[in-house]
Amino acid sequence: MKPPIFIIIMLTVISGTMIVLTTSHWLMVWIGLEMNLLAIIPILMKKHNPRATEAATKYFLTQATASMLLMMGIIINLLHSGQWAMSKNLNPMASAMMTAALAMKLGLAPFHFWVPEVTQGISMSSGLILLTWQKIAPLSVLYQISPTINPDLLLTMATMSIAIGGWGGLNQTQLRKIMAYSSIAHMGWMTAIMAYSPTMMILNLMIYITMTLATFMLFMHNSTTTVSSLSQTWNKTPLVTLLILTLMMSLGGLPPLSGFIPKWMIIQELTKNEMIMMPTLLAMTALLNLYFYMRLTYTTTLTMFPSSNNMKMKWRFEHTKKMIFLPPLIVISTMLLPLTPMLSIL
């Protein structure tokens with residue numbers, strides 16, 4: 001793809017999301033989501049092969065269906081209220097249809113089937129955009145209509161997403177599919193707290209995007225796409241191996257690291273709302289995610305021992321690509337726990 005075309009496409013993607021974030025008119029929300037959808041398709045098909053074409057087609061059909069559902073909900077609300085403005089007085093049927101449409105756009109269970117297939121069929125850089133930037137616009141709409149959504153519906157989808165995100169990632173050997181199931185689980189955590197503390201969802205989203213960005217950048221830096229290729233990273237780049245170890249543990253939500261913050265605060269908030277079984281169930285299903293992250297860590301650090309053979313230790317002789325943003329992203333992704341009191345105030 002030529003640079004001017006790529007810049008125009010990326011500007012359209014960014015503009016679509018910004019329109020959704022800044023408007024309070026339902027028609028403009030729909031237009032922003034459509035701009036985002038149509039501009040992301042060429043990015044997904046950056047590699048011209050049948051697998052990328054299949055992934056882009058699946059993504060387009062799913063998102064187009066979600067857009068139609070969203071427009072139907074908007075029209076029902078228009079007929080009921082007589083206005084296009086995003087207000088807190090949504091029609092219950094319109095609210096349910098919009099929630100289903102946004103869940104489909106986010107990849108929440110039971111509308112999650114497209115996420116692993118699409119992520120696996122595209123390049124790492126396209127997968128990074130799909131699992132981070134593309135979540136912002138639908139979540140912002142969900143944030144604005146959260147007072148009118150049935151909490152039981154949100155909690156049901158959240159529990160299913162966290163469970164499926166854990167179970168689905170257990171038997172995977174492709175890193176992109178593992179990150180896709182991780183995205184499904186994290187979307188479940190954000191949805192679980194949406195009805196009770198929407199601002200906490202924003203905190204969760206920011207930490208998730210930071211951790212996912214750092215993880216994808218490390219995978220791209222090391223040119224790894226499968227679990228088996230991770231076993232060679234120690235002899236190539238020992239530092240990257242240690243960084244992957246800490247990032248995997250942070251994504252899994254291990255307590256000393258940044259990924260533990262949103263889970264801790266969400267469980268605490270749900271407990272304050274006199275819900276005991278729900279956070280217990282969420283914490284138990286989150287252990288499934290931690291298990292496959294531990295498996296990745298084991299593959300990365302323990303299956304290949306350090307070698308003194310100069311032919312194998314390429315990192316001493318090769319100039320690695322410099323990634324300016326990676327060090328601060330790693331620090332934020334792993335060392336935010338001391339700032340938790342300040343984050344809870346915000």
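Each Cβ is built from the backbone N, Cα and C atoms, and glycine gets one as well.
In TrEMBL, the annotation transmembrane segment applies to 178-196, one of the ranges 121-139, 178-196. Contact between the transmembrane segment (57-76) and the transmembrane segment (96-115) is present: at least three CB pairs lie under 8 Å, with pairs separated by 6 or more positions in sequence.
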